[in-house]
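Undergrad: Here it is, the structure, as structure tokens.
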Amino acid sequence: MAVCRRLARLAAHLQDPRGVAAFQRLCGVEAPAGWAGSRGPVVNGGSAPDGRRHPEGNGAVPGGAAPPQLWRRPRRNSLTEEDGCMEFNTRSRFLYYLFSLGTELGNELFYILFFPFCIWNLDAWLGRRLIIIWVWVMYLGQCTKDVIRWPRPASPPVVKLEVFYNSEYSMPSTHAMSGTAIPLALLLLSYGRWQYPLVFGLILAFCWCSLVCCSRIYMGMHSILDVIAGFLYAILILIVFHPLVDLIDDFNLTYKYAPLIIISLHLALGIFSFTLDTWSTSRGDTAQILGCGAGVACGSHVNYMMGVNLDPPLDTLPLSLSSLTVTVFGKAILRLLIGVIILLLTKIAMKKATIPLACKIFRIPHDDVRKARQRMEVELPYRYITYGMVGFSLMSIVPCVFHFIGLS
């Protein structure tokens, strides 16, 4: 019992928002003058002193009267109307930009650049397996958030440098999970297949993971306990899924009815996740991740059935970066630019088509798209189909375009 009490006290200490605020002050982040006493924190959708009700707050604080400050971090959330415009001071521009980079390593912009670059330019075998692990890590992390339902760190004392995901719950940090799982999986899957010193891989994984985890505390979005739990949870998922990733990839490629099973399974998981809690942006993110994973898996199956092999020939293993030339690098960048443009056009086209179609099928008014997308009947098919097509294009359509224009 004494051990349990100590662990409970330690967990409470690590969850304390004052620890987050102390780390922010250590890194040079300061709140606006007079801000802490202007209004109390709004937690879990409570009403503010002005009588207005704010989105499920997870520690959100409505902006009050404050003198002009030096920094703003604008990033508008189109569904919650949170625009991330809280003002703050920072004594270190270097740390601000460094941790901004770290937090972007867990956002959509990074994923839409990293995974395509890996598949189109480095090793499709490696890219498919990374996406399998990433999908399961993110899905389990998002669902766990909605089961535990812990709020974001209270503000004040925490300075919220980012509120884009503020309507989501906090435990565990899915940024910390992806920032742990991707570099560790990259090391486990690539070492021996690619020629590089093990020390280099370990240093890269450590720096990547540390940067992402610390950035979430710096941004005021997670407590220290959230980040530690996300780190350990990702390692646990890796231990379970890493031995299975070859079996899953072989099933996706070779089994005759794999596309039907893949689409049905991912859709069922998406519907299940939508039932865990009331609406928040995590619902759409979960459907988006599952759709992307299903699209990549189906695209891989189509490639296999058509005899299109994107994997490096076995006689070229182990692979090496020593053959990198200006020409090879130029073609890689050109493939990335052309391919990402195709993916973005696919995303835009599918969004334009799926939202009105879902509204029409389920008889939901679509005059206010933001409100319509807060309905499961719209958000789930929109995200799942749109990002499913993005994943399919990534794996099958874009490589065919490269072959047609001579960029294979």
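Each Cβ is built from the backbone N, Cα and C atoms, and glycine gets one as well.
Unlike curated entries, TrEMBL annotations are predicted automatically.
What TrEMBL shows for this protein is this:
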{"type": "REGION", "residues": "40-68", "note": "region 'Disordered'"}
{"type": "TRANSMEM", "residues": "94-114", "note": "transmembrane segment"}
{"type": "DOMAIN", "residues": "128-242", "note": "domain 'Phosphatidic acid phosphatase type 2/haloperoxidase'"}
{"type": "TRANSMEM", "residues": "198-218", "note": "transmembrane segment"}
{"type": "TRANSMEM", "residues": "225-245", "note": "transmembrane segment"}
{"type": "TRANSMEM", "residues": "257-276", "note": "transmembrane segment"}
{"type": "TRANSMEM", "residues": "288-306", "note": "transmembrane segment"}
{"type": "TRANSMEM", "residues": "326-345", "note": "transmembrane segment"}
{"type": "TRANSMEM", "residues": "384-405", "note": "transmembrane segment"}
Undergrad: Between the stretches 198-218, 288-306, 326-345, 384-405, which wins on the count of C-beta pairs under 8 angstroms to the transmembrane segment (94-114)?
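TA: Between the stretches 198-218, 288-306, 326-345, 384-405, 198-218 has the largest tally.
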Undergrad: Near the transmembrane segment (326-345), which same-chain residues lie under 8 Å Cβ to Cβ, leaving out any that are not at least 6 residues past its ends?
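TA: For the transmembrane segment (326-345), the far contacts come to 112-113, 116-117, 120-121, 390, 393-394, 397-398, 401-402, 405, 407.
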Undergrad: Given the transmembrane segment (288-306), which of the listed stretches 225-245, 257-276, 384-405 has the most Cβ pairs that are under 8 Å apart from it?
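TA: Counting Cβ pairs under 8 Å, the winner is 384-405.
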Undergrad: Give, as a single whole number between 0 and 100, the mean pLDDT over the domain 'Phosphatidic acid phosphatase type 2/haloperoxidase' (128-242).
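TA: Taking every residue of the domain 'Phosphatidic acid phosphatase type 2/haloperoxidase' (128-242) together, the mean pLDDT is 88.
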Undergrad: Write out how many residues of the domain 'Phosphatidic acid phosphatase type 2/haloperoxidase' (128-242) are helix, how many strand and how many coil, based on DSSP.
TA: 78 helix, 2 strand, 35 coil
Undergrad: Residues of the same chain, at least six outside the transmembrane segment (384-405), with any C-beta under 8 angstroms of its C-beta?
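TA: Residues 115-116, 119-120, 128, 131, 263, 266-267, 270, 287-300, 302-303, 308, 310, 335, 338-339, 342-343, 346-347, 350-351, 354 contact the transmembrane segment (384-405) from elsewhere in the chain.
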